[in-house]
Structures are given as structure tokens and as C-alpha cells.
Amino acid sequence: MAKVYIDKDASLDPIKDKTIAVLGYGSQGRAWALNLRDSGLKVLVGLEREGNSWKVAESDGFNPMHTEDAVKKSDIVIFLVPDMVQRYVYRERVAPYLRDGMDLVFAHGFNIHYKLIEPPKTVDVYMIAPKGPGPIVREYFAKGGGVPALVAVHQNYSGKAFEKALAIAKALGATRAGVIETTFKEETETDLFGEQVDLVGGITQLMRTAFQVLVEAGYQPEIAYYETINEMKMIVDLIYEKGFTGMLKAVSETAKYGGFTAGKYVINEDVKKRMKEVLDRIRSGKFAEEWIEEYNKGAPTLVNGMKEVENSLEEQVGRQIREISLRGKPKS
């Protein structure tokens, strides 16, 4: 089992006298900047232009500056701009101002693992990957808790990169829950795999296909939505809170029997084989190459995919079901 690092295993000492530049002020950027500042660290916010994020940062009490100015004044640079933008920000706004002994920090390993960013050997490169969205990272921290995180070291020029990674994790609140050490390779490949075959791709497609099967068989769309999509939250919540065994204990005997038999029929060895093929594409770098090419063309697959989902019957029915659910929600 992996070692879990908690508060007592980490100290802010390795970074307490450092100036930290947070590049980006979106979901994760805002949470990181606020949590690091509230932990007593000196934080600068670096942005590409004076847009909405600039105004939000100002309203939060920061004095945002252009990215290159933040880099020039900092010891630690944290990349919290979108994955597909990072290499351009690094090349144009960060690399020209890097000094020996600086730190480059990432929340996801994509750009380092696939060599879209190749830092000089004279800087530390490490990662802290919170296992939750930015608003939750901030909310849990503000309430005295924390979201778990993964940490990894790619380059250890100073000999203290891991200690600094733990320090930032502590400042984010992650060590209040638990931090697990990984590698850039492992985090990147497992994260992409989970998104594609499970969280964003697999489960979404499974629910939509199940809905379509019922509707095509003549069942009312509203009933089909309840049975194949809406109730997913209840099952996932049970798994999150009690594990698979706890979830199974909470459902009926009929549901368990049907699940054990039909589940393995639908998600069979052929599906597992295809999952392995998806993993092979991720590990070989083919997915990254394809995604970069797609992005450079304006991401037509994303544009068309979003249009198809937005106009689908299940999305239309879902809006109606959510309205019904909201009407029945108790007033707080």
C-alpha cells in the first residue's frame, strides 16, 4: 500500500521565505492562491491579460500582474492555466526569465510527461495534484479540512523538491486529509485513462446508451431518464461513502442479482480489451499527439460533441427532471 503523508509529515519551512507566483486565476488558480496566502505564504497572481480573472483576483485582495512580471519576482512558479495553453505560456512568458534554483510546479503531469515543456536541469520540477475541483479545495480548506492530493517530483536540482512539494500540499490543506506520492507518468496516464473510459467517457456513454435503449423500446423518456441517469447519483454517493460492499448492502436483493448477472454481460472481456487499447494509446503518446493536433485545428470534435449532447433527447428530458427535483427540494 502507498504511504500516506499527513500534516505531521510536512512543514512549511522549505517555502516560507519564498515568493510564489500562481499563473492563472480560474477554478484551481483561485483556490491555490487563497489557500497559500491564508497559510502565511507570499503569493503573486500572474495573468495574461486584464480580463475578468484580473478583476476577481483584485476583489480577493491580490494585486495581479502580467505573467512575466510575476515570474521575474518569484522563486516558485505554479502553472494553473489550461493544459493546452501551458507550453505557450512557458515558452513566451516563463522560460526567458527562469533563474537557476527556481521551482516549476504543476497540478497535472500532461505537459511534462509528454515533453511539451522541457525545463532546464537547473530548476526543481514537481507536482501537487488535488483530487477535487478548485471550489472544493477552497471550501474544505476554509472549513478546516482539506482535499487529498498526489505529489510527484520530476527534477530535484535542489535536493529538497519533495519536501517543497509536501509543503505546498500542506499549505493547500491536502495533508489534513492525506497525500500520496506518485510520478508524473503515473498521474498523467491514470488521470487520462480514468477520464476516458470511466468518468467522462465510459459512464456518460453507458448512461446515455441505456436511456436510448429504453426509449427506443417504447418507454416514456422521463421514466427512462429516472432509471438510467438520475439515480446514478444515489449509487455513486453510496460507493463514495461506503464502498462497493456498502452500496450493495443498501440496494435490494433483486438489484444485486440483476447487477451481478447483467453487469458482467454488458461490461465483458471485450470491453476490458478495449479499455486496454485506450490505455495503450495514452501510454504510447498517441492520444496526446491526436489531442494536440485536434486543438490546433480549433477542436472541432469538442465543438460538435457539445452540440450533439446539448441537442439530445436525454439532455432535454434532464432539464425537465431537474425542475421537478428542485420543486421538491426542502427549503433551507
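Positions of Cβ are set from backbone N, Cα and C atoms, glycine also.
Here Swiss-Prot flags H108 as active site, drawing on sequence analysis. Sequence annotations record features per position, and here Swiss-Prot assigns NADP(+) binding site to Y25, G26, S27, Q28, S53, D83, M84, V85, Q86, G134 based on sequence analysis. What Swiss-Prot records for D191, E195 is Mg(2+) 1 binding site. Sequence annotations record features per position, and here Swiss-Prot assigns Mg(2+) 2 binding site to D191, E227, E231 based on sequence analysis. Residues or ranges marked as substrate binding site in Swiss-Prot (evidence: sequence analysis): S252. Among the features that Swiss-Prot reports, domain 'KARI N-terminal Rossmann' is placed at 2-182, with the record citing sequence analysis. Under the heading domain 'KARI C-terminal knotted', Swiss-Prot lists 183-328, citing sequence analysis as support.
Projection of Swiss-Prot feature records onto the structure.
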| residue | record | Cβ contacts under 8 Å, 6 or more apart |
| --- | --- | --- |
| Y25 | NADP(+) binding site | A33, V45, L47, S53, W54, V56, A57, P64, L80 |
| S27 | NADP(+) binding site | P133, G134, P135 |
| M84 | NADP(+) binding site | W291, I292, Y295 |
| Q86 | NADP(+) binding site | F79, F106, F110, N111, L116, I117 |
| H108 | active site | D83, M127, A129, E187, T188, D191 |
| E195 | Mg(2+) 1 binding site | G201 |
| E227 | Mg(2+) 2 binding site | L214 |
| E231 | Mg(2+) 2 binding site | none |
Among S53, S252, the one of these binding-site residues whose Cβ has the fewest neighbouring Cβ atoms within 10 Å: S252
Three-state composition of the domain 'KARI C-terminal knotted' (183-328), taking helix and strand from DSSP: 128 helix, 0 strand, 18 coil
Assigned element (helix, strand, coil) containing M84 (NADP(+) binding site), judged by DSSP: helix
In three-state DSSP terms, the structure that H108 (active site) belongs to: coil
